[in-house]
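Student: What TrEMBL records for 1-21 is signal peptide. The disulfide bond annotation in TrEMBL covers C34-C40, C356-C385, C437-C459. The transmembrane segment feature in TrEMBL is assigned to 595-617. Sequence annotations record features per position, and here TrEMBL assigns domain 'TIR' to 654-809.
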Amino acid sequence: MRHPTGCHFALLLLLLPLSRGQDSGDGGSTCNRCDSRLSCNCSHGGFTRVPVVTERALTLDLSCNIISVVTGDDLAGHAPLRALDLHGNRLAAIHPSAFDSLWSLEELDLSDNRLAALHHQWFSKLAALQRLNLLSNPYSRLGSPAPFQGLVRLRRLAFGGPALEELRRGDLSGVTQLEEFTVHANNLARYESGALADIWPLGHVTLSLHAPFLTNLALASAVLADVTYPETPITLEDLHLIGNWSVQPFRDSARRRIRYLSFRNLSVSDEATVNLLVVLNGVPLTSLSMDGVTLTGEGRWEKANWTDHRSVDEFFIRDAVVLNVFRFVSFLQLRFLLQYPRKVSVINSEVFVMPCPTSQLLVNLQYLDLSDNLLTDLTLVETLCDDTETLKELRVLNISGNALKSLSTVSRLVTKFSKLTHLDISRTVYSSMPSSCPWPSTLRYLNISGAKLTTTTPCLPITLEVLDLSNNNLRGFTQRLPVLRELHLSGNKFLSLPPGQLFPSLQTLTIQLNTLNMFGHSDLQSFRRLENLQAGQNKFVCSCDFVNFLQSTLKGDGDVQLRDGEDSYVCDSPLYLQGEPVGRVHLSVVVCHRVVFVSVSCGLALFVGVLLGVLLWRLHVFWYLKMTWAWLKAKHSSRRRQKRRDVEGSEALLPFDAFVSYSERDASWVENFLVPELEEPSELDSGNPRTSRPLTLCLHKRDFLPGHWIVDNIMSAIERSRRTVFVLSENFVQSDWCRYELDFSHFWLFDGQAGGEAAILILLEPLSKDDVPKRFCKLRKLMSSTTYLEWPQEEERRAEFWRSLRKALRGGDEEDD
Ligand SMILES: *[C@@H]1O[C@H](CO)[C@@H](O)[C@H](O)[C@H]1NC(C)=O
Ligand SMILES: *[C@@H]1O[C@H](CO)[C@@H](O)[C@H](O)[C@H]1NC(C)=O
Ligand SMILES: *[C@@H]1O[C@H](CO)[C@@H](O)[C@H](O)[C@H]1NC(C)=O
Ligand SMILES: *[C@@H]1O[C@H](CO)[C@@H](O)[C@H](O)[C@H]1NC(C)=O
Ligand SMILES: *[C@@H]1O[C@H](CO)[C@@H](O)[C@H](O)[C@H]1NC(C)=O
Ligand SMILES: *[C@@H]1O[C@H](CO)[C@@H](O)[C@H](O)[C@H]1NC(C)=O
């Protein structure tokens, strides 16, 4: 458990006034960065003391702040807290009862602080504690009484640092059973034998013992002996193994039949390697691993060729550096070492070739991992040998992270591995796929992720159960793979899900980080067996169908589970929903049922329109409008005529005595009675020649100018007549035509052209004011203001009628004379 001292950029953050926990003035501060699962991440917050956090918090990350003290009250009330992380602060003092209320605490990290002494009381109430990290603090001893006494459930313990000098018997009393045990004791000077011996059963042990291995071999031996058990994997860190003597501490371990030995950050010479192999001669060691190893020698290890390492099953080397790479000898002498292991990994170690003769030594090899090296197509041919006998047992080949370009080369080379099931050729530079390729018939797993493929072809073996094509430039997929269970297509350019019919056995599909716009029920249904889908981080168009579908799928309806969580599904468009998690989008009815909405609103508008129309028609609004317009127009032309008359000065003489307005239906009366009577008066009737002088009448039938607008004609007729006679009857009231005339004359009258006498009403049939429809208010008004003449049905009274009419028509003249 090595903790990165990489909190230095936190210091940068401190300089910025970015402190996301707001200071509340009195020096106390709060941190509100808690998520829905009550996990509060107050890391990198610039806090100088423990901030106030909700008491319901389950995990509290206070790492990488500048807290220097934890007082007795700081964490009071945090009974539910399960995990507390204080690493990377400046803690120098912790109140003895600071953690007393944390009786649920399972995980406590105090690493990378300034604690110069441990206090046994800190941990006395933490009965639930399972993990404790005290690394990288400046205490030199654990102190007494033993600090971990009450931690009955402790399973992972890490302590020590550059200052740790002393470990005594009883320091770890109370600690009995650990899954992981880490001690940084690079500068350990005093060790009381047996101090670590009581911990059993013991899982993985990690020890940093740099100085003891150089200067105090007895101490190193004692420590190593106390933690060595056959089932306990041991990792040793920071060792510098130079000569014969520096490997002697392993003698005790060898005697205790150590089986899993790892080195991390190791520097080793040839002599030390040979002597280590000698020390481990005959030991049932199954796994030897070196992570971060510097080989200072030339690889001359054959002096140990007599030793027995038949039990070694796995060699793991990562990040190896050969100081003297040009003088490094071949491994040809290492048959005694290489013929046994079934697993060999040489990762990120600048291997550009493994010569064929070396490969031939690896007769038991089933698993070969040469990832992240410098292999090319050419050296791969050499490494895998072009014969059928080499690496016959190979089942897994991992050559990811090499500069390989030709897919047909690798396919040809691996065909001979008749047991090969896994091939990892990810992170290579394959840019195209041949149209067909040979493969071993056993191949089940193929990883070509992180290459530069743009298309797929039938080159892909149909025996595949797992295929990883993520992080390429693929746009589509058309190969049928009948037994495929897992397909990974993330990080490509897919616009839609591949057709499910191609993968009748597919159970898992990942297609994140593509350009999918949407997918739906029918897409998923085409995959008959699909259970797990990860399709987040795409460019989703949040249409109603998609949102509804996804929300129900997230809820767990349907057979397919979305494994990558609700928050990965975010709308990309429409713009107003961009960045919104699809699961939390609410689309309105207007958006979702647009057609229905539009039809309904159109229907409604139409209905309202019709209703309004009917209403207006019932209220005769159109008629009024028509009238107003006609009147305005007529006014205009009348004014024109007036002007002309003024200019011509022909004002005096009006050509007609009266304009007769009547309904067409009453034409017979007008023609048979009115016109003869007034225009051609009988001698009989006339005692007074003056009164019986013929009158000139204006009748629309006779005197209107053809081709002129009717309203104009009416207007001018009224203007050119001294009087207007209205022949009122049911017919008149019914006729639009007559209404015009009435109205014009009426406007005329009230415009003051002539006096109120200008209109004469003749009632052809008895017509009371109330029979006239209400909207003819003018006619009604006229009827009440003007006396009207009634046409008598009896013959004998008609002479009287004519006399009255003539009198009315001449009324003005007689007075003038
Ligand atoms: C808190 O956030 C930091 C980055 O700011 C992250 O490294 C850390 O893992 C987070 N801690 C938890 C418990 O999620
Ligand atoms: C590796 O070990 C050396 C001592 O041999 C030490 O100085 C160095 O810091 C270690 N490196 C790491 C990354 O721990
Ligand atoms: C290494 O040291 C041991 C004991 O100190 C001795 O028995 C052995 O012969 C030495 N081996 C070599 C190769 O010097
Ligand atoms: C071991 O190597 C020596 C040379 O260092 C050689 O003489 C001897 O034959 C080898 N023995 C075996 C068993 O390979
Ligand atoms: C191959 O190696 C890479 C990197 O070391 C690793 O991520 C991958 O899981 C390995 N593949 C297999 C099949 O073990
Ligand atoms: C394929 O390889 C990549 C990179 O080496 C790795 O991250 C990924 O997990 C592998 N895929 C599978 C399905 O193992």
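Cβ atoms are placed via backbone N, Cα and C, with glycine included.
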Student: Cα-Cα, whole number of Å: C34 (disulfide bond) versus C459 (disulfide bond)?
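Tutor: With distance taken Cα to Cα, C459 (disulfide bond) is 50 Å from C34 (disulfide bond).
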Student: For C40 (disulfide bond), what is the secondary structure by DSSP, using just helix, strand and coil?
Tutor: strand
Student: What is the separation, in Å, between the Cα atoms of C459 (disulfide bond) and C385 (disulfide bond)?
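Tutor: C459 (disulfide bond) and C385 (disulfide bond) have their Cα atoms 23 Å apart.
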Student: Say we define neighbours as other CB atoms within 10 Å of the CB. Which of the disulfide-bonded residues C34, C356 has the fewest?
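Tutor: Counting other Cβ atoms within 10 Å of each of the disulfide-bonded residues C34, C356 gives the minimum at C356.
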Student: Would you count the other C-beta atoms found within 10 angstroms of the C-beta of C40 (disulfide bond) for me?
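Tutor: Around the Cβ of C40 (disulfide bond), 22 other Cβ atoms lie within 10 Å.
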Student: For C34 (disulfide bond), name the DSSP secondary structure in the helix/strand/coil scheme.
Tutor: strand
Student: Around C459 (disulfide bond), how many other C-beta atoms are within 10 angstroms of its C-beta?
Tutor: 17
Student: Quick one: Cα separation, C40 (disulfide bond) versus C385 (disulfide bond), in Å?
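Tutor: The separation of the Cα atoms works out to 56 Å.
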Student: C437 (disulfide bond) has how many other Cβ neighbours within 10 Å of its own Cβ?
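Tutor: Excluding its own Cβ, the number within 10 Å is 19.
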Student: Can you check how the pLDDT averages out over the domain 'TIR' (654-809)?
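Tutor: Mean model confidence (pLDDT) across the domain 'TIR' (654-809) is 74.
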Student: Using DSSP with the three-state reduction, classify C459 (disulfide bond) as helix, strand or coil.
Tutor: coil
Student: Near the Cβ of C385 (disulfide bond), how many other Cβ atoms are there if near means within 10 Å?
Tutor: 19
Student: Roughly how many angstrom lie between the C-alpha atoms of C356 (disulfide bond) and C437 (disulfide bond)?
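Tutor: Between the Cα atoms of C356 (disulfide bond) and C437 (disulfide bond), the distance comes to 24 Å.
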